[in-house]
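Straight from TrEMBL, the features:
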{"type": "REGION", "residues": "1-71", "note": "region 'Disordered'"}
{"type": "COMPBIAS", "residues": "20-33", "note": "compositional bias 'Polar residues'"}
{"type": "COMPBIAS", "residues": "44-55", "note": "compositional bias 'Low complexity'"}
{"type": "REPEAT", "residues": "146-178", "note": "repeat 'ANK'"}
{"type": "REPEAT", "residues": "238-270", "note": "repeat 'ANK'"}
{"type": "REPEAT", "residues": "318-350", "note": "repeat 'ANK'"}
{"type": "REPEAT", "residues": "425-446", "note": "repeat 'ANK'"}
{"type": "REPEAT", "residues": "461-493", "note": "repeat 'ANK'"}
{"type": "REPEAT", "residues": "535-567", "note": "repeat 'ANK'"}
{"type": "REPEAT", "residues": "606-638", "note": "repeat 'ANK'"}
{"type": "TRANSMEM", "residues": "736-759", "note": "transmembrane segment"}
{"type": "DOMAIN", "residues": "742-974", "note": "domain 'Ion transport'"}
{"type": "TRANSMEM", "residues": "779-801", "note": "transmembrane segment"}
{"type": "TRANSMEM", "residues": "813-831", "note": "transmembrane segment"}
{"type": "TRANSMEM", "residues": "837-857", "note": "transmembrane segment"}
{"type": "TRANSMEM", "residues": "877-899", "note": "transmembrane segment"}
{"type": "TRANSMEM", "residues": "942-964", "note": "transmembrane segment"}
Amino acid sequence: MLTSKFPMDIEQGIPEESETSLLLNGRSEQTASNERKHRPYPPLSLAPSSVLSTPDSSPAPDTASTWPKKWRRSDRRTRRLNTQLLEAIESHNVDEVERLLNSGANPNATCRLDLVSACHIAAINGGDSLGILAKHGAEKHRLDVLGRTPLHLAAYAGNTRQVAILLGFSEEMQKRVQSEDMSSDVEEDVKKLCPEIQAMVDVRCDDSNVSRTLPSSWKDNIDHSCLQIKGTLPLLQTGWTPLHVAVSCIRRHSTRLLLAAGADPNIVDAQGRTPLDVIASAYYLDVDIKAENFAEIIKMLTKAGGTYNTMKSKELDNIATPLHTAVELENINAITELLDIGASVSCLNSEGQTPMHLCVKKRLHEPLQVLANYEYLNVDPLSAVVDVKDKDGYTVLQEAVEEAWVPGVCIALEAGANVTLKAYDGQTPVHSAADIGNIDVLLEILSVARQKGIIDCQNEDGETALFKAIVNGNTDCVYALLEEGASIKIKLSGEVSVLHKAAEYGHSEILKILLEHNEGEAMSMIDSLSARDWRGFGPIHFAVMSNSVECVELLLSKNADVRLRTTDSPYFCSTPLHLAAMKNFIDVAKFIVKFDKTTIHEVNSKGWFPLHTASHHGCRDIITLLLQKGADLSGNTDGPRKYRQTAIDMILNTLSMPTEFLSELFDSYINSNCANFHDSNCEINIDYRILIPSVCEMEQMKVIEALLKTGNRYGQRKLLVHPLVKSFLHLKWKALLPFFYVIVILYSMLVSSLTIFTMSVFFYKDTASNPPAFLSPAIWANVVYVSVVLIILQEILYMNIRSKRYFSEMETWIKFGSICLAVILPLSINLAETADWPRHIATLALLFSWIELMFLLSRFPSWGYYVLMFGKVAINVIKILLTFVFIIVGFSLSFMIQFHTQIPFESPWAAFVKTVVMMTSEFDYQSLFDQENSRELATSLIVVRFIFLIFLILAAIVIMNLMVGVAVNDINDLAILGNIDRLCKQVQFLSTLDNLVYNRFFIFILPKRIIEGIKNKRRVVNMIILAPGKPKWKYYKALPTHLREAIFTIAQEKMKQKDNEVNMEEFKKKIDEMHTAVTNLENHGEQTSHIEKAEKPLVQKMKYDEIMKRLAVLDHGMDSVKDEVTNLIEETKNPVNDLRRQMSQISTEIESIKQYLIQLDKKLSK
């Protein structure tokens, strides 16, 4: 094998005084020898000096210690001359070579890098340089560092004269052998020299015994470009003789001369190859060879008794043989010659191909015809020659099928190819034909396979040819196989059927053929599941996962189960809609929901609805679709209560910017049919179905309540002020208002009866007068107890509904306190009429009951807002007081000590209370520092007044102003937070009240007619329609003005966006039409130019070119406009009127351009 090598190392200079010899890097790792024993070759031995016209080939090197000082200067000169000699030979300057040798250059000048001598360079370059060197006594059989001799290089270049010189022929003989048509007489004369030159002709390329030391007089200097020389020489295989080199490059003349000189044609190289095995191998290294001499060189070697080792069956595989090379060169004569000498067609090249496989790969018809139909000797009569296999076990027929080469298939079949043979992976030619999808090839194979009965043959994966055709979507092949009787009942491992495969790859046409074949033979497998390790899918699941709407539609039309569930592992008994939701396949999901809307309520083994699956995987399109079709945002997953999740909870925790997504989703449920709200026909639809899913119509507050339970991590409570949610809460409040009035009446009854009872007892007792008969304490005590009993009954139902949340609110405990104290108060008065503790109970009972009534009335939308703002401010004030309580305590104790524990600072508690009162600007300065107190405080009056002054500044001014400022620092934020909190309270109360109405106890005891009336009364309709142009419309007054305006704003923005999209699409369409028209006009102009090019004068052609340039500029301008419009579609937010005005301007410009183009077209047509 030949190659060229370009090393990247750099020559290093060595001081001459210490220079001895250069140790050069040898070749890289040698090619491994073949295990087959071959004839060993002897080490190189040069001919006796009497034969060689050169000095001794192994001169002793000089060393620095043997150099006389007077010769060191001349040595530098010699090296310079040696370098110039090498360069002159390389540049073919014969005169300069002669001059340098006469001037003192050494004829054995050698490059130090690879030990390439002047003879090496002269041998490969040709010319007269080698003869001149020989005359001056050059050593002609030197070895370089890679074991090459000049004779190898001369044979490589085909330089016959240089070969003759190196063999020591006389000048006369050199001239005689130089001619290409060397006569037989010359050949006979050369043969007579064989005994003398035998050792030189068979010298091998071997670097194992190369001497790496050089005499100083042979060396070049450091100015020599060694790398340039090294890159021009070929790298030869170990063990090659000059004959190997000559035949590898198809050097006919050199081969003939070497054979005549006695070259042994049976010497093997390190890989066991003879010269016959390496013929034309330089072809693979892009060496220019003469292929027409291929057959002649084969004859030369054969005539000389040459044999081969690579072209034998199971001898040396994975090596390109001459037969492979002859096929590559399409040299029929060489192929025939090689077959005549017994070359095997089963040997493999480095790619694992036989010569016939190589013919198929390169689609070489004639070489394959020769190889397939040659009359081989000693072949197996039971098998055809074309049944030989490559490294993968493919026969020639199967390789031709894989390449979809019909002529090759025909040649193989005509040569008797066996269609039943399998490759190492179990594939037959039928599998390969079905795989590639070439119907012509398949029909050719089936014509034979039908008789052999191998249509249903399976490969190592269990696949038949039908499976191969299905997987690759080859419809014609599937039909042909079924017509020939291929079975559709065969399954792969894992219970995978042909329907599974067709659906998996989304081949709807093939799936239809399979389902309709043989009167629906495959219908029994339409709902069959594959094994768990094959995903546990049915055909419809595979169709969904391939996102093939056509396959899903076809399967459902054939009565496939739309609720078919997968195996429990790995997809948790999912339905097709679950899988579509998981992959966000919106088109498939739309079709499934359209086919059967109830599938949105199916759950998998994890208790997940399709909405949960879509939410978990962040599939926004599917979420929107399922909600539009009635999916429940509040639906819970299965599992322990602690780990259950609602769909809205998943949306908030998996989607990016979930609050914005839900806000846009809510916007989509407000739609208008007109942009002009003053139009009497304009209607705005408000769809509440996203908040009232059909599965929980009895619990209309369930979705909003689920939203509240998610917390406020992503600011989702802002969604409560969205017009859709807020308007729904308003309508729900109005629907439940009568039931709320009943609760208010019960509490009002309790508060009023308790107040009257307390007044009838303590007021008339303190005034020592008798109460009127209608204020009798006994009567009002009974009224109190009746009220308490009614409220307790209502609270029992209330507690059952709200459970834990009921006990976590302060309002609950105030309510409990007021009820308990109301029960105890009448009893305490009867038991201890003269004691003071009943008075304390009455005080607390009245306070708690009136506070509870305030909480209850705060449920009204117009009142609750202020109550909750009051709560926010109160919390801020208490925080500040608790922060500065230490200052207050300090001042209170200081005042108590300075005022000698006198009133109003008679005790720590009294002092603390008085200090807090003083912070509200009730200083009572005159009474504290009057004349009497001044006398008692005479000794410390200054200190007391100083402390009072500090208190005035720090407490009364700083703390109080800080308290006011912080409590109401941002009134807008307080208003927003108060509004959100009010809505949260309203949602909680409405949810409880809504469920209270549907209590089982009421449903049991009340008549059915009343229950139905209550249901209709408390229910909010799924959709309402507002007519802005009709103020007397049914629902127009149902919503307050601020909600109507907010809804109108959303509807108007959506309408604007829709109009913008429509207008932009129309405009883009017009631009596309213009662009097409201009392009067609330009093409027409080009065609006209080509037709009239020979007839038009040069001046007209220049004008036409100018017009076409303008058209090109115009076309570029239209493209720019088109791009700008496309960007405008995405970025525009201008009002509709501005957009229309811009469109009008552009339309005017378009019309002018059209007119110009029409005129231009007329001119061009003329």
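Just so you know, glycine gets a Cβ as well, placed from its N, Cα and C.
Automated prediction, rather than curation, is the source of TrEMBL annotations.
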Proximity of the transmembrane segment (736-759) to the transmembrane segment (942-964), 3+ C-beta pairs under 8 angstroms: no
Dominant neighbour of the transmembrane segment (813-831) in 837-857, 877-899, 942-964, by Cβ pairs under 8 Å: 837-857
Averaged pLDDT score, the repeat 'ANK' (425-446): 90
Surrounding residues of the repeat 'ANK' (146-178) on its own chain - C-beta under 8 Å, 6+ positions past either end: 2, 26-27, 47, 51-53, 114, 117, 119-120, 122-126, 130-131, 134, 140, 186, 189-190, 193, 196-197, 200-201, 203-208, 210, 233-236, 238, 240, 242-243, 245-246, 249, 251, 253-254, 257-258, 261
Surrounding residues of the repeat 'ANK' (238-270) on its own chain - C-beta under 8 Å, 6+ positions past either end: 2, 30-31, 33, 38-39, 41, 147, 149, 151-152, 154-160, 163-164, 167, 177, 180, 182, 187, 190-191, 193-195, 197-198, 201-207, 276, 278-282, 287, 289-291, 293-294, 296-297, 300-301, 304-307, 309
